[in-house]
Amino acid sequence: MKIHIRNGHVIDPANGIDRAADVFIAKGKIVGVTGGNPRGDGAAPPGFEANATIDATGCIVCPGLVDLSARLREPGFEYRATLESEMAAAAAGGVTSLACPPDTDPTLDEPGLVEMLKHRARLPEFAHVYPVGALTINLEGKRLTEMAELAEAGCIAFGQANTPVLDTQVLMRAMQYAATFGFSVWLQAQDPYLAKNGVAHDGEISARLGLAGIPVVAETIALATILHLARETGVRLHLTRISSADGIEMVAAARATGIDVTCDVAVHHLHLCDQDIGFFNPHARLDPPLRAAADRDALRAGLASGAINALCSDHTPVDDDAKQTPFDEAEPGATGLELLLPLTLKWAAEMQLPLATALARVTIDPARILGIGGGTLSAGAAADVCVFDPQAPARISRETLKSQGKNTPFLGQELKGRVRCTLIEGHLAYDGAFA
Amino acid sequence: MNRNPQLNAHGELQHLITLEGLSREILQGILDTAEPFAEVAEREVKKVPLLRGKSVFNLFFENSTRTRTTFEIAAKRLSADVINLNINTSSASKGESLLDTVDNLAAMQADMFVVRHASSGAPYLIAQHLAATGREHIHVVNAGDGRHAHPTQGLLDMYTIRHYKKDFTRLTVAVVGDVLHSRVARSQIHALRTLGVPEIRVIAPRTLLPSGVADMGVRVFQDMKEGLKGVDVVMMLRLQNERMQGALLPSPQEYFKYYGLTPDKLRLAKPDAIVMHPGPMNRGIEIDSAVADGSHSVILPQVTFGIAVRMAVMSMLAGS
Amino acid sequence: MPTLPDATALCAQLAAAMRPSITPQTALVGIHTGGAWIAERLHRELAIQQPLGSIDVAFYRDDYNQRGLHKGAKASNIPFDVEGAHIVIVDDVLYTGRTIRAALNELFDYGRPARVDLAVLVDRGGRELPVAATWCPQTLALPASQTLVLERDGETLSFRITEK
């Protein structure tokens with residue numbers, strides 16, 4: 001199969017391409033990007049005869065999105081989502097690679113489970129799935145998992161999802177062991193004692209609404225512990241879902257002292273803050289909590305400057321029964337695969353960022369954290385491509401969302417930016433032209 | 001943000017969920033309406049026919065015999081049929097969901113839900129659910145939700161203050177005790193601000209204050225003697241048993257010594273200061289018996305006024 | 001447009017008509033607000049010995065389900081023992097009879113009177129309930145589109161007609 005994507009505007013941040021150009025694909029790989037400059041005219045490489053063309057007039061053509069956190073809910077939570085529903089959501093959202101956290105049921109702590117997941121996910125229209133293995137058995141923070149075996153089965157990093165390791169000795173040993181094999185450790189920084197019973201950012205809003213608060217120090221205390229252990233063990237550290245201005249500063253300071261650390265932020269946290277809880281909207285119950293407006297602004301600026309390395313959807317489908325409850329009983333999380341692109345564009349527009357910079361945070365930058373070759377349109381790379389119309393309205397509704405999780409604070413809103421089509425290794429995984 | 005969900009399209013009270021965001025006119029209107037209801041209690045027949053044929057469901061997901069009883073009396077004095085439901089929601093006995101319970105009772109032709117729930121915001125959830133399913137004619141009264149609000153308690157406290165002090169705009173009012181966990185304190189503070197009280201103080205150790213408390217328009221005092229100086233009204237809060245020992249407070253004895261209202265400390269307030277308490281009191285922990293039963297105490301009148309205020313709220317909602 | 005009744009003159013006529021029936025046991029109850037003004041006057045002029053009562057029928061109105069709670073309701077005040085009393089309900093205008101029905105119901109929640117009479121200044125017709133005044137110095141036919149309102153300015157009472 002040879003595909004010619006014509007008349008689009010290609011943005012490939014990894015290769016510094018940001019111009020009108022054509023993309024040529026053969027055998028599931030990128031053959032080349034030509035045109036749009038004085039030398040090229042969009043002509044096909046020698047000997048290339050397309051079997052299919054995609055007209056990308058008015059559209060941006062970019063590498064498929066790489067999402068550092070998408071819960072597929074398999075195994076264990078199939079009533080919330082299935083691989084089929086969430087892979088359809090990924091493709092509709094232009095996401096072609098995703099990392100899934102280990103908090104499934106059972107947790108991803110045995111090679112057999114990881115192999116099963118990889119096996120289930122191998123269909124051509126499915127995004128590439130990169131499991132994050134459990135750092136400790138059953139995420140209990142007591143015994144180490146067989147990391148090397150899990151890596152052979154397909155895990156690209158090891159983490160705890162949102163469950164902290166209480167015993168710092170275990171945490172240090174887990175980091176030492178991961179460092180032995182050169183594995184990355186992904187951790188979310190939240191002190192469980194300071195966050196105990198908390199459901200919202202500790203501040204004016206939680207005080208007013210009478211919601212138990214999670215103070216910013218819950219993040220910074222945990223960060224201090226994790227960063228010190230990272231320095232001690234030399235492990236490659238990735239911090240997931242930074243939520244506060246203080247947190248960003250600590251990570252930047254640690255990086256400046258030579259600690260090998262990256263971090264990401266969830267897309268909701270770029271746009272929302274604790275005020276958006278409104279009248280106890282359970283969709284605004286997230287983990288980590290939506291923080292103050294000043295924190296949100298720091299996250300927006302930090303992601304723009306690169307202090308925060310990547311942006312992810314933190315896709316967490318939750319069934320209605322677990323959301324239609326009082327705020328503090330609601331299960332945290334929001335659906336995100338189909339909102340990642342429009343919310344990235346919204347952030348870029350509001351920050352007046354070049355589109356290439358914004359798209360880097362959801363393509364090449366997360367791909368580097370994952371340590372995979374994706375996130376580019378380099379010749380020879382897998383033909384994972386997203387074609388989207390940046391101006392087309394995207395209505396977020398229960399009907400339009402393909403994900404089984406309809407839980408999002410943006411429900412009922414109209415955003416800008418709609419995926420026209422998604423290619424995964426040259427396979428048309430989503431065709432929105434007829435949708 | 002959405003329109004205040006407790007008001008209908010005409011800006012009238014549809015539900016009573018919180019005092020926050022209600023105008024001075026609405027609050028004063030409720031207090032004014034409560035006045036004639038107070039008189040009803042002195043009649044031979046302590047009952048008026050306003051809510052005849054209406055069904056009021058007392059939906060208590062958290063036990064509170066006292067609050068439930070005051071709502072029950074208020075509804076019965078309005079001639080409503082009252083159905084009491086105590087629904088245990090300890091996480092161990094999770095059964096029917098909150099909204100399923102609501103749907104079932106709504107199907108029994110309920111006209112009003114009086115809701116007490118351990119989770120902040122639960123009455124909002126119910127009101128929004130009723131609106132989303134086309135049953136706006138069922139009214140919701142919040143009888144206390146988590147740490148969020150206890151609007152009828154706040155209103156009866158305002159009624160009491162107005163009864164004894166007439167003018168809100170010259171008062172200094174102190175709220176003393178466990179503000180962190182108190183829905184009563186939040187409702188009091190919102191109402192006092194809206195009614196124009198120029199100085200609202202909160203007095204408590206740091207462990208019993210929410211971190212954002214100063215943003216609520218109050219002056220914070222850690223030293224009770226400092227905080228009580230020259231106040232017109234002292235509103236004591238109840239300290240729950242489970243908070244008395246542990247990481248919030250070392251002991252009830254130490255709490256009483258520094259934050260209990262004793263005759264000595266009360267002498268620092270104005271000579272005609274009134275002392276209030278939402279009940280039930282912990283004598284010897286947050287309040288000395290000599291104060292609770294003393295000449296400054298208006299704690300029992302609060303209870304009496306509470307019935308009239310709840311009658312006013314229920315009759316204003318049911319007729320909206 | 002009919003000539004407006006003279007409220008002051010009607011008050012005097014009403015007092016004169018009532019005088020022969022007044023005993024030391026007679027008590028007056030004026031209905032808020034116009035009836036209460038007239039009752040105040042009659043109480044003085046007829047030298048009634050029982051303290052003056054007033055009643056606000058807001059909690060007994062039959063249109064609560066349609067129109068909600070009447071705004072600005074006042075506390076009723078019955079400062080004498082209703083049980084076995086001779087009570088005269090006083091109102092300004094007798095119209096549908098619904099207010100009188102509500103007042104009677106309310107009164108009976110205070111006790112069982114021996115006898116209840118009704119004194120009004122004007123009967124404007126339009127009855128919807130079997131109610132009749134014991135004393136009424138003037139009748140007046142008004143279309144349903146008009147409302148007859150009693151107003152007070154200092155000590156002067158006067159009638160005004162408003163269109164609905």
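Residue numbering: from 1, along the chain as shown.
For all residues, glycine too, the Cβ spot is worked out from N, Cα and C.
The candidate list B:ARG43, B:ARG116, B:ARG310 contains one residue that TrEMBL assigns to the carbamoyl phosphate site with B:ARG66, B:THR67, B:HIS150, B:GLN153, B:GLY279, B:PRO280, namely B:ARG116. Those binding-site residues from the list B:ARG116, B:HIS150, B:ARG183 that have a Cβ under 8 Å from chain A Cβ atoms: B:ARG183.
The binding-site residues in question are B:GLY279, B:PRO280, and the one with the fewest Cβ neighbours inside 10 Å is B:PRO280. With the fewest other C-beta atoms within 10 Å around its C-beta, B:ARG66 stands out among the binding-site residues B:ARG66, B:ARG183, B:ARG238. In the domain 'Aspartate/ornithine carbamoyltransferase carbamoyl-P binding' (B:14-162), the DSSP tally of helix, strand and coil residues is 65 helix, 27 strand, 57 coil. Taking Cβ-Cβ distances under 8 Å and a sequence gap of 6 or more within the same chain, the neighbours of B:GLN153 (carbamoyl phosphate binding site) are B:THR67, B:GLY144, B:ARG183, B:VAL184, B:SER187, B:GLN188, B:PRO278, B:GLY306.
Within 10 Å of the Cβ of B:THR67 (carbamoyl phosphate binding site) there are 23 other Cβ atoms, across all protein chains. Across the domain 'Aspartate/ornithine carbamoyltransferase Asp/Orn-binding' (B:171-316), DSSP classifies residues as 61 helix, 24 strand, 61 coil.
You'll find the Cα of B:ARG116 (carbamoyl phosphate binding site) roughly 17 Å from the Cα of B:ARG238 (L-aspartate binding site).
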